[in-house]
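Q: The structure's right below; bear with me while I get my questions together.
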Amino acid sequence: VHLDYLDAGANIILTASYQATVQGFEAKGFSREEGVTMLKRSVEIAREAREIYHDRCTKDSSDFVRNERFRKRPILIAASVGSYGAYLADGSEYVGDYGDAVTVQTLKDFHRERVKILVDAGADLIAFETIPNKLEAQAYAELLDEEGIETPAWFSFSCKDECNVVSGDSIFECASIADSCRQVAAVGVNCTAPRFIHGLISSIKKATSKPVLVYPNSGETYIAESNQWVKSSGLAEDDFVPYIGKWRDAGASLFGGCCRTTPNTIRGIAEAIYGKVQDKCI
């Protein structure tokens, strides 16, 4: 799967660790050691895919990409860290309501070990994804500082409209927390309907001068009770690639796709950024 995305033109591939936690593995009957090993393996697999891709691109063959800029682009491994709600697996990362018992300290204690494991495994970045509220953003910021983690991170929020994350917290306030964290290299949104992206870019840029990243979903809605994605009312949004230029003009500089998007989405984005790529490394 990683190679499919690299062949499509991805600069950054995310580890398959979004919903993976030691606590979750233990709840499924694995030992703590097995859980740690699997978390590390998510980074190792992504690193192996990058090595294979580089080998294919540098071999003496007519198969490599003719577009030199495309072929020599940097490729980074981002360790995916899903929210506390992703661990609960009840859809709460799409609403951000953890209840009054969950505090900043609760969230720091929950995420601490996983973040350290992923960093130690050799990830280039930490992708704190689908953040549903400012409580969790604050926990991440404090955790990075307390642990002295130097690996750069991005904070990416899940939003319900052009101004607010799914919990109802202001995206401006959430982005401001990210802006104040030294280790955060970029701020943005993911798993958000494409129709909200342009307005969110403007809202985020009011809070930070850091690079803005956007990787929307297909515009569908996730129904936690049935574990299904359903079409949202209104226009179909599954093909948002034509808007990449407008989003770039609005101030975003990193682009991708989240739920219900595919390597073809990334291929379209790469072509929008680099121009038409005729060949790929195969």
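Any Cβ shown, glycine's included, is placed from N, Cα and C.
Annotations in TrEMBL come from automatic prediction, not curation.
Straight from TrEMBL, here's the annotation block:
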type    : residues               : note
DOMAIN  : 1-273                  : domain 'Hcy-binding'
BINDING : Cys191, Cys258, Cys259 : Zn(2+) binding site
Q: Based on Cβ atoms within 10 Å, give me the single least packed residue among the binding-site residues Cys191, Cys258, Cys259.
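A: Sparsest of the binding-site residues Cys191, Cys258, Cys259 by Cβ contacts within 10 Å: Cys259.
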Q: Name them in sequence order: residues not among Cys191, Cys258, Cys259 whose Cβ is within 8 Å of the mean position of the Cβ atoms defining the Zn(2+) site.
A: Thr130, Ser158, Asn190, Thr192, Tyr215, Pro216, Asn217, Ser218, Gly257, Arg260, Thr261
